[in-house]
């Protein structure tokens with residue numbers, strides 16, 4: 001195999017929009033329509049799958065360095081989880097530390113501060129990820145995590161806490177976009193789901209740690225000190241990741257975009273230490289093949305024209321709608337209200353240590369995210385969603401019925417000083433447990449696979465758009481929750497979430513294709529005609545058939 005793999009052959013006649021790409025830096029030629037059908041470049045046969053991808057993927061073996069790389073990148077997920085989960089335990093401890101007892105509105109604004117910051121962090125750092133690079137975008141997120149935690153811990157007024165939460169949110173939003181994007185671009189196809197899932201698992205793990213520390217502090221630490229320490233502890237993992245980022249490489253795709261092909265090759269060699277030089281050259285060729293489309297689009301179109309292209313070009317639009325919809329519906333389930341307001345809601349139910357009770361959904365979520373990420377590459381993203389989302393519907397139906405009878409004596413409202421029926425409180429907690437199990441297996445980690453659906457030239461921006469949709473939905477839920485409990489009651493509030501879950505299930509059924517077994521650069525083909533539910537299955541069948549034929553021939 002030649003080591004100078006810098007020419008990509010055109011698709012055979014009969015293929016869609018024949019394309020010739022010469023990758024040489026001096027003479028890059030791509031037909032005008034290339035970025036209209038990017039990622040459908042140069043197959044070596046008449047099927048949908050590039051044989052080179054099959055050959056290269058089957059040489060992948062996970063190395064100790066790659067495990068280190070994933071572990072460091074996944075700290076971003078832990079930070080995300082800790083800093084979103086700690087507010088539920090910390091807010092009840094604030095008491096009069098800021099000069100007065102926090103009102104429901106102030107609690108909602110403080111809680112929503114991180115979400116608002118995350119919207120800006122996701123949109124700004126996400127869209128700049130190609131220019132900054134994945135690595136530097138994560139470093140900026142770490143600085144935001146650190147600064148936000150310090151500001152909050154040193155606060156003596158509500159506005160100061162809100163500012164700190166906004167800054168912290170920039171880090172959360174940036175991490176939510178960049179970490180799964182970075183991991184997905186580096187991970188072998190066969191284990192990509194588990195690798196991205198490792199970051200997704202660290203989110204609920206961070207929430208468990210936050211709930212556990214919060215429960216301990218509520219039980220034995222003076223409140224006026226405890227809430228400051230809880231927020232301040234977020235500095236530790238952000239500084240650790242900031243220091244370890246020095247040892248992580250930039251994404252090879254970004255290095256090729258910058259014309260640093262030798263650095264990209266060295267990066268691939270370091271990640272895939274067991275691969276031969278020929279396989280590394282083949283991997284580099286594949287990266288160059290898809291990067292060519294990106295450079296063409298960025299060169300030929302202005303930022304405004306590219307932004308317009310995301311919505312006028314149907315394959316781009318379908319991909320963005322698919323991932324944005326799933327991310328938004330994941331928030332509209334209402335799960336995060338159990339984290340943000342765990343201390344408040346379980347306190348209203350009469351439990352003395354609300355933070356300790358909040359460990360129930362946090363621990364269960366972490367456990368079932370771990371199970372989900374362990375099987376996602378074998379079972380598939382779509383199949384998990386189709387199979388287990390109905391369990392969430394059943395659970396919230398139970399929740400609604402339980403809340404109806406629980407709050408009947410108080411006119412449908414949860415009142416702080418009322419002694420509710422112990423069996424009915426247990427029924428509510430049981431329904432929440434039942435809800436968290438399918439949520440952990442589905443939305444909790446699958447929403448973070450968004451980069452799998454997006455072709456390279458819109459991957460960073462598309463991830464930013466979908467994650468922004470996620471945080472906008474989160475904002476609506478978190479800001480409105482306490483007010484909804486007052487106006488609609490618990491029964492009406494969870495009835496609303498049940499409606500969103502049902503609509504989300506219909507969306508997944510028609511608009512969320514399977515990406516299991518397909519490389520991150522192949523999946524863009526799914527959306528050429530429609531949302532590609534059947535096409536994705538066809539691509540996987542053809543890929544498996546070709547791989548079987550290829551390796552049977554070798555034997």
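Cβ coordinates are placed from backbone N, Cα and C, and glycine is handled just like the others.
Since this is a predicted model, take the numbers as computed values, not measurements.
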**Asked** Of the ranges 428-448, 512-532, 533-553, which one does Swiss-Prot list as transmembrane segment?
**Response** 428-448
**Asked** What range among 386-406, 407-427 does Swiss-Prot describe as transmembrane segment?
**Response** 386-406
**Message:** Sharing a topological domain in Swiss-Prot means sharing a membrane side, so do residue 222 and residue 510 qualify?
**Reply:** no
**Complete:** In Swiss-Prot, of the candidate ranges 17-37, 38-58, 143-163, the one given as transmembrane segment runs 143-163
**Item:** DSSP-assigned states of the topological domain 'Cytoplasmic' (250-328) in counts, ordered helix, strand, coil
**Value:** 66 helix, 0 strand, 13 coil
**Message:** Looking only at the topological domain 'Cytoplasmic' (509-555), how are its residues distributed among DSSP helix, strand and coil?
**Reply:** 30 helix, 0 strand, 17 coil
**Prompt:** Counting each residue once, how many in the topological domain 'Cytoplasmic' (377-385) are helix, strand and coil under DSSP?
**Reply:** 8 helix, 0 strand, 1 coil
**Asked** Which stretch, 143-163, 229-249, 386-406, 462-482, tops the Cβ pairs under 8 Å count with the transmembrane segment (428-448)?
**Response** 386-406
**Asked** When only pairs 6 or more apart in sequence are counted, do the transmembrane segment (109-129) and the transmembrane segment (166-186) reach 3 or more Cβ pairs under 8 Å?
**Response** yes
**For the topological domain 'Cytoplasmic' (187-200), residues assigned helix / strand / coil by DSSP** = 12 helix, 0 strand, 2 coil
**Request:** Using a Cβ cut-off of under 8 Å, list the residues of the same chain at least 6 residues beyond the transmembrane segment (386-406) that approach it.
**Result:** 333, 412, 420-421, 424-425, 427-428, 430-432, 434-435, 437-439, 441-443, 489-491, 494-495, 497-498, 501-502, 504-505, 508-509
